[in-house]
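Student: Below you'll find the structure I mean.
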Amino acid sequence: MIAKNGSGLRPERGQGPPILSVPAASAGSAPSAAPASHGSRSARISLLAISLGSAGLGGAWQAATSVASAWIQISDVLFVISGLVWVVLLAAYVRHGGARWHNLREDLRHPGQGFALAYVPIIGMLITGHFSRFGEEGARWAYAVFMVAAALVAARLLAHWFTGALSETTLHPGYLLPVSSAPFIGSITASTLQLPEIAAAAFAVGVLYWLAFGTVILGSLVAGSPLPPPARPTLTVLVIPPAVGSNAWLAAHGGRLDGVGYGFSGILFFTLVLVAFMLPTIRERSFHTGLWIYSFPVAATSNFLVRWTYAADVPGREIIVWALLAVASGGFLLLGVATLVHGGRHWRLRAGNPVPPSTPPGARTGCVS
């Protein structure tokens, strides 16, 4: 998690990356009501990465239905899982005071996790686009609500950041989620709903703030202090803007690759190589729910590569598509099983039962109840 000190912000040891961190009270202390309330809300919003990863993988399977005869039912199941997790966690957020304007404003202004509120409308847009085949008119109204919500979250965050509330020492790629990735996803959904003008407008916003904030964040990563270990997994988020931006361009142009499409492809492929070289640095030795941060970058990249192999007429493309789906789905299942084991261990702790001897030190902290 992110903790404030005299020189800025630093992650606490033993916690997940800032985008998905879970606050835990120190032993023997009784936190005040306000911090505990914020911690409960931020934990629920951060765990929406599970829902986002499910929707992302569902999108990859949906893309494969039109190019490799994949089963749309698998995509439907993944989006249903995403929707259920989304509803449960959003309800828990509201139950812990998230519907109050004071609390919502406090959460948006949080320097380490404010941008995570963009999960809510992003997931809503993805689910709306997928199930729009059952009723386009209703889907358009739902999309309008989520798109406006995404724009308000992004604009509120930008206004807060532009007034000097964002320190360079806190920057990491997660900040691209609300201001760049959300508009790109909004563009994809608009194209699905046959709204080309809105798709073009959202795409332009995504490009502008990807270039603006991407430049600032990359400059901070190169010239500033290195990210602390708990925050390093957020480096995988670097692949999301080129991946969803590429998909947005393909969706707006009937799946055809042109000069712009190949340009996005080049950026994505180079970013994938860059992230591959950073894997030894960002890997984690033990599981925590923050590792779900990997799920959407993998799913979004797989989605684009599925479409790209057919648009570029790559030889053996059907085998490649199934291999991509196998890798993305396998990673998702591993995270799911690990999360269930992690949750079961936490349940045993809450029930007062002893933890098995194989439990690593420190597993008793940072759990979400």
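Easy rule for this one: first residue shown is 1, then count along the chain.
Each residue, glycine too, has its Cβ placed from N, Cα and C.
From TrEMBL, here are the annotated features:
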REGION    1-38  region 'Disordered'
COMPBIAS  24-38  compositional bias 'Low complexity'
TRANSMEM  70-94  transmembrane segment
TRANSMEM  115-135  transmembrane segment
TRANSMEM  141-162  transmembrane segment
TRANSMEM  174-193  transmembrane segment
TRANSMEM  199-223  transmembrane segment
TRANSMEM  235-254  transmembrane segment
TRANSMEM  260-279  transmembrane segment
TRANSMEM  291-308  transmembrane segment
TRANSMEM  320-341  transmembrane segment
Student: Between 70-94, 174-193, 260-279, 320-341, who has the most Cβ pairs under 8 Å to the transmembrane segment (235-254)?
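Tutor: Between the stretches 70-94, 174-193, 260-279, 320-341, 174-193 has the largest tally.
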Student: Taking contact to mean 3 or more CB pairs closer than 8 A (sequence separation of 6 or more), are the transmembrane segment (291-308) and the transmembrane segment (174-193) in contact?
Tutor: no
Student: Tally Cβ pairs under 8 Å between the transmembrane segment (115-135) and each listed stretch (70-94, 174-193, 320-341), then give the stretch with the top tally.
Tutor: 174-193
